[in-house]
Amino acid sequence: MRPYLLKGHERPLTQVKYNKEGDLLVSCAKNLQPCLWWADNGMRIGTFEGHNGAVWSCDFNIDSSRLFTASADQTVRMWDLPSGKELFQFKQQEPCRAVSLSIGEGMLAFTTDAFMGTQPMIHLAKLEQDVEEQQAKTILSIECPKGRITRVFWSDLNRTLMTSHDGGWVRKWDSETGKLLQETQVNQDAIQDMQISQDGSHAITASLDKTAKLIDTETFETLKTYNTGRLVQSAAISPLYDHILLGGGQDASSVTTTSAKAGGFEARFFHKVYAEEFGNVRGHFGPINTVAFNPDGRSFCTGGEDGYVRLHHLDMDYHTTKWF
């Protein structure tokens, strides 16, 4: 399985994301320009220029005509995907971290970090069909407890919002009133990434407590725990098989003191039900910060501290081997 190496960033990756069809891939990094790639051969289509800070996360609309990005430059921006033109920006007073588009694309949820005495917050904005009529004003702002909000998702047909936080907390909020409905400390340390399954019934958290947890999105009950022995920066659920993909490795600040093998910088495959590791894919020099499965489950990509995106198309052996 030979990967495509996509070099579009000088700085560490923060998120890689496929569109709904799985033919496009966007990579966000701590440099200023998110990159758009073809997902089959890794050819770069272009970059989105305009941000003045690290871009932390992104989201596509369903027909891949729009891209939304959240950045440390205190803006969430809306882009025209085919042309790369900036259409609109939601300006905030704090660095923006996570972004998520609602079902039906009528609303946008994004989060801001604690900054200069303010609390971390979730903001909801109404999206207009016509960009000319778009308002920057948010319709609801929810103040959250202390600790960075790392991911936000819509759930229960837009009735609730699900967030992951520093400290290992997962919380559910009413999207109409902003009321906190449920909270559970799933992990013992910061949750770096959270991804939802395709049917929305369960989610996976990746944490600095060296575990990934599979949780029920309704009850927040922990269904499975994947122990890795190393910091977990990102986790993804296969849409095709009962497989989990984990990325991480030793902390970036102490990478230079160890060999690549000792650092644990490989993408690791676990069985979703048996919670046993059955394979890994090496290649990155430094920790893996973000992983994603293609929506068809036949390829995946990883983004590392080394600035590379590695795009892997899974061999036929992967599909034909009975792993357990």
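Cβ atoms here come from the backbone N, Cα and C positions, even for glycine.
What TrEMBL says about this protein:
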- 48-89: repeat 'WD' (REPEAT)
- 281-311: repeat 'WD' (REPEAT)
Per DSSP, what is the helix/strand/coil residue tally across the repeat 'WD' (48-89)? 0 helix, 22 strand, 20 coil
Just to be sure I understand, if DSSP states are collapsed into helix, strand and coil, how many residues of the repeat 'WD' (281-311) fall in each? 0 helix, 17 strand, 14 coil
